[in-house]
Amino acid sequence: MLYLVGLGLGDAKDITVKGLEAVRRCRRVYLEAYTSVLTVGKEALEEFYGKELILADREMVEQEADSLLKEADVCDVAFLVVGDPFGATTHSDLVLRAVKLGIPYKVIHNASIMNAVGCCGLQLYNFGETVSIVFWTDTWKPESFFDKIEKNRQNGMHTLCLLDIKVKEQSLENLMKGRKIYEPPRYMSVNQAAEQLLAIIQSRRLQGEKPEITENTTCVGLARVGAPDEKIASGTLQQMSTVELGAPLHSLIVTGTMHPLELEMLKLFSVDSSSFENNACQRTT
């Protein structure tokens, strides 16, 4: 049996009882280590689970999945995912590979940022399409995520923006030379995401457009959701470019039309209550 086990968002104890039971009876246990991170390291998980964990990076999961599934038809193998197992499409591919090999599988779900984001008070059913904001480079500055945020906002919907994670990435030079030398991990902050959105707004104005999202659009910054030091801040997009939220992981929400109850909840986390109230009321039903 292949078990896909969600670990939740915080630390080692966020695994479900069902998930922990599955992990403890498996012969091999892999920890997916590139789409998200917990607030504790691999060693803390091993101590609590009572099992040695094998780190599975992007290369292993996407290119060497058959080795990961080896013998899963005759023994139990677990694949641990921060959040919920189906928070990333890579894991659907793993299921399809298992089925093709005749290996039965079982999914053990857990909380993910996709539902835990409700902690800020915005209603989950008022969210539109989720987007990913990627790190820009000097030569690559995509804007497709901005168009999706605008479309959501035009429909009155909030947008959850998942922020880029760079783990075990190679520089272009090392990639071209075939050197297995990796760059230090990088995690996009709410500040960086807001700065990129502000740059797109300015660029589009120069092109004669009137973006649906402005510097005064109400946003929510979230950090380490589910952890004891979780932090939430609400305010304008401009304020999100300077707000202090600390260590990763961060997420950003661009709001749409808000119900009065949503607005009342966001006031609990406001960076500046006076300016927040003036701006937010413009988008309240």
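Including glycine, each Cβ sits where the backbone N, Cα and C put it.
The S-adenosyl-L-methionine binding site annotation in TrEMBL covers LEU9, ASP84, GLY87, SER112, ILE113, LEU163, VAL225, HIS250. Residues annotated as domain 'Tetrapyrrole methylase' in TrEMBL: 1-239.
Annotated features, which come from TrEMBL, shown on the structure.
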residue : record                               : contacts (Cβ under 8 Å, 6+ apart)
LEU9    : S-adenosyl-L-methionine binding site : LEU38, VAL82, GLY83, ALA111, SER112, ILE113, ALA116, VAL225, GLY226, ALA227
ASP84   : S-adenosyl-L-methionine binding site : GLY6, HIS109, ASN110, ALA111, SER112, MET114
LEU163  : S-adenosyl-L-methionine binding site : SER132, ILE133, TYR187, MET188, SER189, VAL190, GLN192, ALA193, LEU249, HIS250, SER251, LEU252
Position of peak Cβ density within 10 Å, selected from the binding-site residues GLY87, VAL225
VAL225
Whole-number mean pLDDT, the domain 'Tetrapyrrole methylase' (1-239), equals 90
Among LEU9, ASP84, GLY87, SER112, ILE113, LEU163, VAL225, HIS250, the record's S-adenosyl-L-methionine binders - longest CA distance, Å:
17
